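> Got a structure for you, written out below as structure tokens; questions coming shortly.
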Ligand SMILES: CSC[C@H]1O[C@H](OP(=O)(O)O)[C@H](O)[C@@H]1O
């Protein structure tokens, strides 16, 4: 499933499958400039750390197109700053903007038209690169699952959260592609219901058995021995291995620890932020109250009641059995393992040159 994000050369815009209305409707949203791209990110037309990074890469190109004219450089800087601030937790957003800017700095000879062409080409390269990374995560991740496993997921870290294939669902798809029989328990993941709406949708399309569970069923399911492993995605992983992911993830990890269920995180190295020392330093996004007070158009809380809507929480590294990346499965102590992973990635990239 890689058709949820595509660039239309004929329309010169980014076309996104609107994840707010899945699975009951398939509608498309066009990002034509910075405002529409930020809107798509903030309202979660597109969501998921790697998918956010790919969208931001195209968003840089769209910002350059929007800035056209006398003084475009200054306008572009303002537009890029707005784009980078669209959502605070997923490091991939800033990673993508920084990567586009660093690539531009290495090409000082580019004029305006040259930059636009270069950035569109680089955005497309980042898009295709994420597809490859997820497949590599799948190959390494397949080794942590056993034939016949029932795997619990939380939120959606699938193709819809990436360019294709997924990270947590990439691990599951990788095991299935390696011939292992896997079935999935998808936590519904209130309030945006990424599990019930998106993970179940993806796995049904792929023919991978999936059952949706209420978030508060997690303890009973594990107590009954119905969960063999947990695999989730991540929005930002700190240098010590603490991992920010959708709200509720840390609770699943604590229950997994209590019941002896191995808990894995799957993410590309672009989700690891070595400038963030530990999970306490990861900014946690607060989202609109309406996501809690309503399910779709149906109000479920009394008028005026206050709600909490933290979008993420942080799972401490000591609860994580392994971090599945495109260069392998990292094992504790993560500070060392992360440093070695980046060194291995750099060696692989140099070998390809
Ligand atoms: C593969 S990253 C997916 C990650 O992103 C989700 O957050 P959101 O839906 O708010 O973008 C969630 O934390 C997933 O695990």
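Glycine is treated like the rest: Cβ placed from N, Cα and C.
So TrEMBL has the following annotated:
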ACT_SITE  235  active site, proton donor
BINDING   47, 48, 49, 87, 194, 245, 246  substrate binding site
SITE      155  site 'Transition state stabilizer'
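Please situate the listed features within the shown structure.
In three-state terms derived from DSSP, residue 235 (active site, proton donor) belongs to neither a helical nor a strand segment and is classed as coil.
Counting only same-chain residues six or more apart in sequence, the Cβ atoms lying under 8 angstroms from the Cβ of residue 49 (substrate binding site) belong to 90, 91, 92, 161, 233, 234, 235, 236, 267, 271.
Its Cβ placed at the centre, residue 155 (site 'Transition state stabilizer') has 28 other Cβ atoms within 10 Å. According to its DSSP assignment, residue 155 (site 'Transition state stabilizer') is coil.
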> Which one is closest to residue 155 (site 'Transition state stabilizer') in space, judged by CA to CA distance, out of the binding-site residues 48, 87, 194, 245?
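Nearest listed residue in space: 194.
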> Given a separation of at least six residues and a C-beta threshold under 8 Å, show me what packs close to residue 245 (substrate binding site) in the same chain.
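Counting only residues 6 or more apart in sequence, the Cβ neighbours of residue 245 (substrate binding site) under 8 Å are 154, 155, 232, 233, 234, 235, 265, 312, 313, 315.
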> Under 6 Å from ligand 1 by Cβ, which recorded positions from 47, 87, 155, 235, 245?
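Only 47, 155, 235, 245 qualify.
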> Please report the three-state DSSP label of residue 87 (substrate binding site).
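The residue in question, residue 87 (substrate binding site), is coil (DSSP, three-state).
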> Determine which residues of the same chain, besides 47, 48, 49, 87, 194, 245, 246, have their CB within 8 A of the center of the CB atoms at the recorded substrate site, and list them by sequence.
52, 90, 155, 156, 157, 161, 233, 235, 311, 312
